[in-house]
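Only one structure is covered here, and it is reproduced in the block below.
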Amino acid sequence: MPTVLRPPSSPLRHHHSGRRHHRHHLVPSSLFFLPLKPLSLSPSISLYTPFSSSSTSPQQLLLNSQETQVDFDKWDPISASGFAESFNFDDSFDSVELKKFETQAVEVRELEDIPDQWRRARLAWLCKELPAHKTPTMVRILNGQRKWIRQEDGTFVAVHCMRIRENEAAFRVYKWMMQQHWFRFDFALATKLADYLGKERKHLKCREIFDDIINQGRVPCESTFHILIIAYLSSSGPSVLDEACNIYNRMVHLGGYKPRLNLHNSLFKALLGKASSESKHFLKQAEFIYQNLTSSGLEIHKDIFGGLIWLHSYQDVVDMERIAALRAEMWSRGIKESKEVLVSVLRSCSKDGNVEEAERTWSKLLSIDGSPPSQAFVYRMEVYAKIGEPTKSLKVFRRMQEQLGSTSVAAYHKIIKVLSKHQKLDLADSIMSEFINSGMKQLVPSFIDLMRMYSVAGLHEKLESTFLRYREVCHPNLTVFNIYLDLLVNTSNLSLAEEIFHEMCGNVAIGVDSRACNSILKGYMTSGEYVKAVKIYNLMRQKKYDVEIESSLMERLDYVLSLREKVVEEPIRLKLTPEQREVLTGLLLGGVQIRSDGERRLHAIHYEFNEESRIHSIFKRHIHDEFHEWLGSHDMMVDSTADIPNSFTTISHSYFTFYADQFWPNGRPCIPKLIHRWLSPRVLAYWYMYGGYRTSSGDILLKVKGSSEGVVSILKALKAKSLDCRVKKRGRVFWIGFLGDNAAFFWKVVEPFILDELKELLKAGGDSNGSLETQCINFDGGSETDEKNSECSDADTS
């Protein structure tokens with residue numbers, strides 16, 4: 001009889017043993033059949049990392065601690081209030097499923113039951129050798145056995161690797177088997193391997209086998225669906241939650257399975273574990289989970305109701321009837337409405353303008369807690385603003401100050417926005433002064449509201465004085481400068497408008513967009529500065545901005561262009577500027593990818609930014625503007641920072657061939673041999689902004705992927721610039737550390753090229769203020785390398 005997969009403690013029997021044993025079924029290892037507990041953390045945080053359990057990668061700490069960049073053109077003080085915007089689950093929400101999954105056993109022979117002595121010896125040798133090697137060597141070894149190895153032999157080796165917990169090796173053996181002419185699909189083997197990989201949180205490899213099962217016309221086991229979903233939820237990445245939802249839906253529709261309670265709860269918790277701006281897009285999925293819970297007759301936790309109401313309250317168009325139905329269902333089940341549920345109802349009323357329901361909810365909230373949370377006051381202000389009663393909103397604001405003894409940033413933003421919208425000039429200006437004197441930050445959205453208020457009222461002097469006041473207390477902002485530029489153009493103050501426009505072009509923290517270019521173009525055309533107008537027009541063509549000026553000015557511009565020597569304009573040939581070449585070099589060192597076609601003739605630059613990083617949320621706007629003319633039409637058409645995706649790609653172009661050959665030969669990152677010639681201060685600055693971190697002690701870390709020889713070249717080049725550093729390798733990533741005084745000297749070199757908005761976050765030394773990486777990499781460990789000692793391999797050691 002064949003045996004099923006044995007516990008890892010079962011030793012491999014020696015092939016020379018003279019004893020014969022009957023083949024029998026053994027009990028599977030209990031480790032692999034323990035129930036999976038639902039996750040108790042955000043799906044964006046990985047449970048499996050290449051770092052040790054006692055340390056955390058800088059990127060993960062960055063995820064935990066950074067804020068999201070605010071788009072001031074679509075500023076909403078309610079959703080961007082500084083309050084915890086993810087739903088708070090009760091500790092009792094997590095549940096544990098004790099029932100084990102039933103899976104088909106994998107049948108393999110015992111080694112001593114194989115009749116041929118030489119075959120036993122070869123299998124024993126393969127079982128010993130393969131787990132010790134990386135993929136290329138393993139494939140070479142297996143290719144050398146093609147003359148004799150068959151399906152049952154490959155299965156034996158794969159099963160042995162799983163017994164000793166070498167699941168990566170088992171996966172490589174299985175993938176090699178699939179390429180052989182004798183391969184026959186083994187559902188039990190594929191299921192067991194997928195489950196083992198999923199339990200190690202290797203979601204990509206688990207998904208690959210999951211897809212293989214489906215491609216064979218089979219439906220994966222319930223355990224495979226369950227484990228793969230959990231693996232996705234416990235992994236980091238931009239689309240893991242979407243994939244988890246997709247697998248969950250297929251589990252119900254394709255497999256016909258009824259997911260277990262802990263899986264429902266884990267996925268629901270992950271949906272609400274992100275910020276409201278992201279979670280609100282998962283409303284349909286959350287409703288689908290609720291429907292499955294109801295149809296399965298499972299116990300529905302109170303946080304399922306609270307979470308659904310929370311999601312509904314963040315929708316752009318709130319379904320008050322659905323919220324009322326959920327509240328009625330809670331009442332029928334004897335579930336009391338918590339404070340968070342009532343705050344969600346208030347949020348819904350603030351969008352719907354339902355004053356009566358808002359006041360009833362407010363009374364209930366006061367009965368639960370005599371001191372309501374500050375965001376509840378903000379929602380009441382919004383309710384009265386919806387019905388056109390800004391004075392009542394102001395009364396709520398003053399009552400909040402009296403009752404709580406403090407005022408939140410969101411409350412200031414909201415009341416100034418309300419008063420500005422209703423042209424309450426004196427009141428808005430008075431509260432703005434109060435806001436500035438409070439010492440709070442995030443003043444820019446309120447300055448924008450004030451400037452727009454004065455623009456509508458035609459009070460140009462007040463608008464200008466507000467702009468000058470803004471420059472004294474805030475960092476540069478594109479929207480503010482655009483409002484002021486429009487004022488200067490509309491008042492025919494072209495000389496100052498030109499000065500402001502050049503300042504915007506020269507300051508990377510501000511930059512220019514389509515609106516700024518159209519504004520200054522209008523000014524030049526109105527004043528008859530046609531030569532300058534043509535220059536701006538050419539800039540807009542280069543950046544691929546649409547020309548949006550009055551029809552009469554557009555006709556005049558067409559006439560001016562027709563008078564040029566070349567009536568038929570040649571299309572502008574894309575070419576990187578010297579600054580763009582340096583920027584791109586720094587970004588490629590920091591981790592930007594290059595995607596090539598099959599013949600490697602055309603290449604595209606793929607930028608990917610961490611959606612939960614405050615630094616990246618600011619930095620992506622600058623990169624989007626810097627390479628605007630190289631972007632595809634879809635990525636180019638964005639109205640504001642909030643619309644800029646977290647990943648975008650340039651058009652495929654032969655101009656990037658040089659960078660592909662130097663930095664991404666054979667589709668893998670590489671450090672060019674001539675890198676020592678290209679490490680200018682600007683390159684180092686952009687490398688730092690994209691792929692660097694500042695530790696809690698003020699040290700600076702840069703990460704790079706490539707060979708140890710390439711890293712040595714970088715070290716020598718830095719040494720030549722008097723930049724002393726240390727290097728340590730973690731997996732395929734090298735960490736270059738500038739410690740102590742070396743960090744301060746590095747900062748002096750790169751500071752002129754760092755965005756103004758990022759200088760406080762990236763400056764060497766001082767306190768990180770909770771905005772940056774706080775975990776130091778220990779450069780004194782045995783695996784470090786430096787200029788003299790750089791014995792590192794290129795293989796993945798994670």
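Every residue, even glycine, has its Cβ placed from backbone N, Cα and C.
Record features, source TrEMBL:
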type     : residues : note
REGION   : 1-23     : region 'Disordered'
COMPBIAS : 12-23    : compositional bias 'Basic residues'
REPEAT   : 513-547  : repeat 'PPR'
DOMAIN   : 581-745  : domain 'Homing endonuclease LAGLIDADG'
REGION   : 779-798  : region 'Disordered'
Fill in the blank from the handout: Sequence-distant residues near the repeat 'PPR' (513-547) by C-beta distance (under 8 Å, 6 or more away from its ends) are 478, 481-482, 485-486, 488-489, 492, 494, 497-498, 501, 504, 553-554, 556-557, 560-561, 564, 572, 625, 628-629, 636
Handout entry: Helix-strand-coil residue split for the repeat 'PPR' (513-547), DSSP-based
Key = 28 helix, 0 strand, 7 coil
Handout entry: Whole-number mean of pLDDT values that fall within the domain 'Homing endonuclease LAGLIDADG' (581-745)
Key = 86
